[in-house]
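Copied from TrEMBL, the annotated features are:
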{"type": "DOMAIN", "residues": "52-142", "note": "domain 'ATP-cone'"}
{"type": "ZN_FING", "residues": "6-37", "note": "zinc finger"}
Amino acid sequence: MTTMNCPDCGNERTRVIDTETSADGMSVRRRRECQRCSFRFTSYERPEWDSLQVKKRDGSIESFSAEKLRVGIERAVEKRSVTEEDVTNLVEAVESDLQSRETRIVSSSLVGDLVSERLREVDQVAYIRFVSVYKAFSEPEEFLRELDAVLDSELDASDSTDQSDNT
Ligand SMILES: [Zn+2]
């Protein structure tokens, strides 16, 4: 990881207080604060997009693949009213979240959590399909509880049909 020395006192320990990815996704703007003198400054960084690594449950590490993520999500949203665009947005949101983190190695369960969090808002059934594959529940009861919750809210949702415009 690159160190960003404080421009004021030269101290190399700085804390990131805000991260913003540019619209084209090619650079990251960070607000930093010096841990010694509290001087605040902005750094513009070009992250190494290809170097994000995912650590899997078995301990092996592989390069992050947005394509792979997309395939997993597409499988979950099959036959649901989820558009291509929804999937693209979801993949991009998750990727930029991962890219904005300080670490270049993320766990596969974090990736799974980020996807399921967002998928839940897009489509409940797709969400439950996704978590059943991606996130191995430690207890079968845990999965059933989750499933029940989803089915309940599906029923509620079907009471008030018509408007299907996504926000
Ligand atoms: Zn300083």
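The backbone N, Cα and C atoms fix where each Cβ goes, and this holds for glycine too.
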What is the pLDDT of the zinc finger (6-37) when averaged and given as a whole number?
85
Helix, strand and coil residues within the zinc finger (6-37) as assigned by DSSP:
0 helix, 15 strand, 17 coil
I'd like the per-state residue tally for the domain 'ATP-cone' (52-142) from DSSP, helix first, then strand, then coil.
57 helix, 9 strand, 25 coil
